[in-house]
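Q: Sharing the record's features from TrEMBL:
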COMPBIAS  455-473  compositional bias 'Basic and acidic residues'
DOMAIN    21-426  domain 'Major facilitator superfamily (MFS) profile'
REGION    441-491  region 'Disordered'
TRANSMEM  20-39  transmembrane segment
TRANSMEM  60-82  transmembrane segment
TRANSMEM  102-126  transmembrane segment
TRANSMEM  147-166  transmembrane segment
TRANSMEM  178-197  transmembrane segment
TRANSMEM  237-262  transmembrane segment
TRANSMEM  274-296  transmembrane segment
TRANSMEM  327-349  transmembrane segment
TRANSMEM  361-380  transmembrane segment
TRANSMEM  392-413  transmembrane segment
Amino acid sequence: MGGAVVDDAPPGVKAPDGGWGWAVLAGGFVITGFSYAFPKAVSVFFKELIREFDVGYSDTALISSILLAMLYGSGPLCSVLVNRFGCRPVMMVGGLFASLGMILASFATSIIHIYLCTGVITGLGLALNFQPSLIMLNRYFSEKRPLANGLAAAGSPVALCCLSPLGQVLQYHYGWRGGFLILGGLLLNCCACGALMRPLLPPKKTENLEESIPTEEKKIQPKKKLLDFSVFKDRGFIIYTLAASIMVMGLFVPPVFVVSYAKSLGYEDTKSALLLTILGFVDMFARPLCGLIAGTKWVRPRTVYVLSFAMIFNGCTDLIGSQAKDYGGLVIFCIFFGISYGMVGALQFEVLMAVVGTEKFPSAIGLVLLVEAIAVLVGPPGAGRLLDYTNVYMYVFLLAGCEVTLSAMVLALGNLFCIKIKHGETDATLEMAVNAAEKEGLNRGVEEEEDHGGEEEPKGKDNGKVRALKAGEEEITAMETGEKEEENTSI
């Protein structure tokens with residue numbers, strides 16, 4: 001029936017943890033940068049748009065809100081498309097959409113056209129790139145996955161530091177229309193990043209073994225669901241989704257209001273804008289460093305609690321930063337906020353991957369992003385209304401800090417009291433053991449095939465498979481015995 005090759009991770013294929021995975025990581029770095037930094041970078045054109053279309057600041061700010069809403073709210077659609085067509089074609093089409101939206105926006109004659117082109121079309125294109133890049137990163141990395149997530153997440157602050165000055169230069173030389181047109185061309189790089197997402201293929205030995213098995217002995221594989229709602233049966237996923245939705249209500253508030261906070265204290269525009277540069281610079285190094293630490297042998301089994309600590313750290317930073325009365329206090333706030341913000345950015349998707357596993361991650365990430373989209377549309381606007389009502393920035397930062405701290409409590413306490421056994425980690429470990437044992441058995445089968453000649457070829461391969469299954473069963477039994485001993489020891 002034609003169509004694209006769906007890049008599901010084939011059974012028995014272990015994540016390479018390197019090789020072409022580094023190219024996939026480079027693509028994910030660029031995609032993450034465009035996805036998170038672009039909604040903020042277009043804000044440099046807002047003054048020109050206000051003058052061009054005679055609208056207010058709140059009208060132009062809606063462009064960034066629509067971009068973020070599309071990035072998060074298109075999650076289930078991305079999951080369906082990835083499960084149907086694969087990551088590579090979805091990302092390349094998404095790159096075309098992202099570029100097309102900005103190019104069409106350069107010919108806009110009203111602010112509504114900007115909403116539809118930049119907000120909806122470009123936002124959809126970025127969403128079709130962001131989520132598949134995370135899925136491919138999860139398939140190519142296992143042992144080094146925390147480090148890979150941290151490095152990919154660092155694309156956000158790096159891109160922000162590059163795109164914002166670039167936008168100002170483009171606006172100065174070419175106006176907002178020329179700037180939109182050039183940025184549209186720049187977004188075509190998403191297609192190149194999508195081309196890097198090469199599907200994983202099973203080893204040739206495994207393919208030959210599967211072909212030798214009679215058709216009637218092959219088990220019929222159930223048809224894969226385009227959107228797997230069974231993740232809601234997982235208590236760990238429910239706890240994570242609830243905590244993440246509470247967190248994003250307050251997580252993005254301080255970067256939005258810190259510049260205005262400095263201006264309200266009487267500091268000039270340039271000096272106030274420098275605060276975001278400081279925050280982004282610290283965030284740039286915090287993400288890969290946190291990913292490196294999270295990948296260590298002692299920390300990785302406890303990444304849920306490390307993420308909870310990062311969220312508490314971020315929330316307490318907001319609470320303490322709300323008391324800043326001068327520029328020095330805001331600089332210190334931005335430094336600590338950049339550290340905690342980078343930790344959260346490096347760990348949030350790593351924890352989700354550990355909770356649901358590789359197979360269900362494409363559906364899980366889509367559903368989580370949809371729930372977060374609702375929270376994103378509630379959080380910052382709600383903080384803005386609070387500011388309009390009180391005219392006191394302290395209350396805005398206090399609200400954000402309370403929301404993020406509450407989400408950390410939900411995640412840590414929910415994981416501690418509601419989940420006694422970490423099924424995701426156990427299943428992943430058992431799967432790796434079976435894959436390793438099967439691979440060893442296949443190698444033995446091929447060696448025997450070469451020794452005995454062509455007449456006993458099927459027999460040698462079948463024996464190799466039987467040995468693989470037996471070896472896998474022995475390793476699973478040994479691991480289960482070890483788990484029981486650990487439980488008895490803890491009791």
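We number each residue from 1, going along the chain as drawn.
The backbone N, Cα and C atoms fix where each Cβ goes, and this holds for glycine too.
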Q: What else in the chain is close to the transmembrane segment (178-197), if you only count residues 6 or more beyond its ends and a Cβ gap under 8 Å?
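A: Answer is 7, 23-24, 26-28, 30-31, 34, 38, 42, 45, 87-92, 94-96, 98-103, 105-106, 118, 122, 125-126, 129, 132-133, 136, 167, 170-171.
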Q: Compare 20-39, 102-126, 237-262 by their Cβ pairs under 8 Å to the transmembrane segment (274-296) and return the stretch that comes out on top.
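A: Between the candidates 20-39, 102-126, 237-262, the best contact partner of the transmembrane segment (274-296) is 237-262.
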Q: Checking distant contacts: for the transmembrane segment (237-262), what same-chain residues at least six beyond its ends satisfy Cβ-Cβ under 8 A?
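A: Here the qualifying positions are 231, 271-273, 275-276, 279, 311, 314-315, 318, 321, 324, 327, 330, 333-334, 337, 341, 344, 348, 351-352, 355-356, 364, 367-368, 371-372, 374-376, 378-380, 382-383, 387, 393, 396-397, 399-404, 406-408, 410-411, 414-415, 418-419.
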